[in-house]
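One structure is given here, and the rest of the page talks about it.
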Amino acid sequence: MSRVNYANLNPLPRDSLELASLASSSPNHSHSSRSSSPSGISSSRKHSLSNDDPLNSATTARSNPHSRSYSVSSAFDFASNLFPLSSTAAGYSVLGAPGSGPVDLNGASLEKHKSLTYLNGLSLIVGLIIGSGIFSSPAQVNTNAGSYGASLIVWAVAGVLAWTGAASYAELGGAIPLNGGAQAYLSKIFGDWAGFLFTWSAVFVLKPGSAAIIAIVFGEYVVSAAVGADAESASAWINKGVALAGLTVITILNCISTRLATRMGDVFMFFKFMALLGITITGIVVAATGFTWKGIPNTEWKATGWFDGTSTDPSSWAVAIYAGLWAFDGWDNTNYVVGEFLHPARDLPRVIHTAMPLVIISYLLASIAYIFVLPTSVISSSNTIAVQFGSVVFGPVGSLVLALIVSGSCIGALNAATFTSGRLVYAAGKEGFLPGLLGHIGMHGSSQSHNRLQRRSWVSRTVIRLIGDEEGGIGFTPINAMLFNALLTGAYIVVGEFGTLITFYGVAGYTFYFITVLGLIVLRVREPYLERPYRTWISTPIIFCCVSLFLLSRAVFAKPGQTVVVVAFVAAGVPVYFWRVKGRGKRTKEEETDWKFWGRWGRSGG
């Protein structure tokens, strides 16, 4: 079978999503997928690719890297700077293919320089899911479930339900291989308004707010490890100062290079698994030998039945599952950077279906270890359960070691959150949802600085080779976007009000989860022939949608006042959307004639 020659290829009608899928596939991929409708026109909407048509060489000369394309209904529009095809002197090439000449950071794109591997994706999901929750406070699960056995069932059920959402996102990530996660999926399925409202909520509240919580917990555990029992009397501003210092260091390291950030993520992932494995082994040894530093082993798990006292109240089970799902949150982390994967179609499903069972098993084993060592009263009330575990088994030294372990786990989660949040802001800047400055790679003059570094001593070149990116060197990262995210996160750390934030996440977060996964079902009906490298069972998104509605209803009825605040904030994004995005989509009739490329192709085809 001969290789396809794009220079002599007659343009066939294709869907925009199909073109994106082809762009992310192997360069030797020679078969053509079918169009979504008999005429080759999208079965849902007509697509605008006049500035991004890889089969039209005339567009390459007039392409504007800062321009934005729009479709008739502003859905499925792939902006020129987001469309995953790169233009070289020899024509279009598959994203990530070797280029020629030095890298110029002005107008560069992360999607054109793929570097993420399967291991990097695994560390992003594991790094954010395993933060402080399992080490600090599984109390809500145990208290509301009512018994040891019931709490383990809740952990398993919550993990499987989160897995259904992750599997749904795996299909969307393969079909729409772009950075930005739900922002890209909602924009392409429902229109720019949906993608913008997600961006509005995620960029300004969800992402920086959750990162602030992680940073505050990190600060508390560092202070606890440093001053011991006096930590409770320490000023809250000391904790916040440590949190801000940790955020600053992590942001700087992420700005240096993608390679450095992902290597840190890989190290933290193995660190977390080793810590949970150590807790599990220690719990089993204590259960078998009865040895503890205090000399009095816990025997409650032997004396009582593991299902004695199980709650029969449905609302208590609802709260327990809600708390469990919160502990598993972060399963969508890899989707924010799918455009940077070397092999997204292959690796994204593998990452999700490896990370989720590993985390579920780790949570279950750690919970069992806690049961073996600690009495029920401590498990159900402590916010520092890992430190209590270390104190019982190893004394003050154990408390110190476990406090440092939790601190390390939190800083690893903060690293993963910073990496993906920066990419979300970057994608929003490229898409036009945020100021274009946030969609730039590096900083002004960084390409010249990189060239000067290359001419310096062998030490400088060695440093670049060790921690710099393969093609971009030092600073080939969305620095402006990550600095913007750090400023927002720092503001939340200073304010420190997280009660409303948690409700915001329960309402806004799961509303967008629900709409995004519902979009998978819509896309299957609307685009049945769209190439999907991974296809989950149809029951998977249906189950997750039901779970999301359940969580939404609980959050709304539990905190109606805070829910009104959440709805008001999201609604405030509507006029911003019309000002920022919708108003720029008006085109003249002459522009629309050239814009509707499918009409041109349809006429040429007969």
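Every residue, even glycine, has its Cβ placed from backbone N, Cα and C.
Pulled from TrEMBL, these are the features on record:
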COMPBIAS  19-43  compositional bias 'Low complexity'
COMPBIAS  51-67  compositional bias 'Polar residues'
REGION    19-67  region 'Disordered'
TRANSMEM  116-136  transmembrane segment
TRANSMEM  148-172  transmembrane segment
TRANSMEM  241-261  transmembrane segment
TRANSMEM  267-293  transmembrane segment
TRANSMEM  351-373  transmembrane segment
TRANSMEM  393-414  transmembrane segment
TRANSMEM  474-495  transmembrane segment
TRANSMEM  501-525  transmembrane segment
TRANSMEM  537-557  transmembrane segment
TRANSMEM  563-579  transmembrane segment
Tertiary contacts of the transmembrane segment (241-261) (same chain, 6+ residues out, Cβ under 8 Å): 110, 115-116, 211-212, 215-216, 218-219, 222-223, 340, 411, 414-415, 418-419, 422, 467-470, 472-477, 479, 482-483, 485-486, 489-490, 493-494
Residues of the parent chain within Cβ reach of the transmembrane segment (393-414), under 8 Å, 6 or more residues beyond its termini: 127-128, 130-132, 135-136, 211, 214-215, 217-218, 221-222, 224-225, 228, 246-247, 250, 264-265, 268-269, 271-272, 275, 282, 286, 292-294, 330, 373, 384, 386-387
CB contact flag for the transmembrane segment (267-293) and the transmembrane segment (351-373), at least three pairs under 8 A: yes
Close approaches to the transmembrane segment (351-373) from elsewhere in its chain (Cβ under 8 angstroms; 6 or more beyond its ends): 118, 121-122, 125-126, 129-130, 134, 138, 148, 151-152, 155-156, 159-160, 162-163, 166-167, 169-170, 273, 276-277, 279-280, 282-284, 286-287, 292, 298, 301, 327-328, 331, 334, 379, 385, 389, 392-393
Highest-contact recorded stretch vs the transmembrane segment (537-557), from 148-172, 501-525, 563-579, CB pairs under 8 Å: 501-525
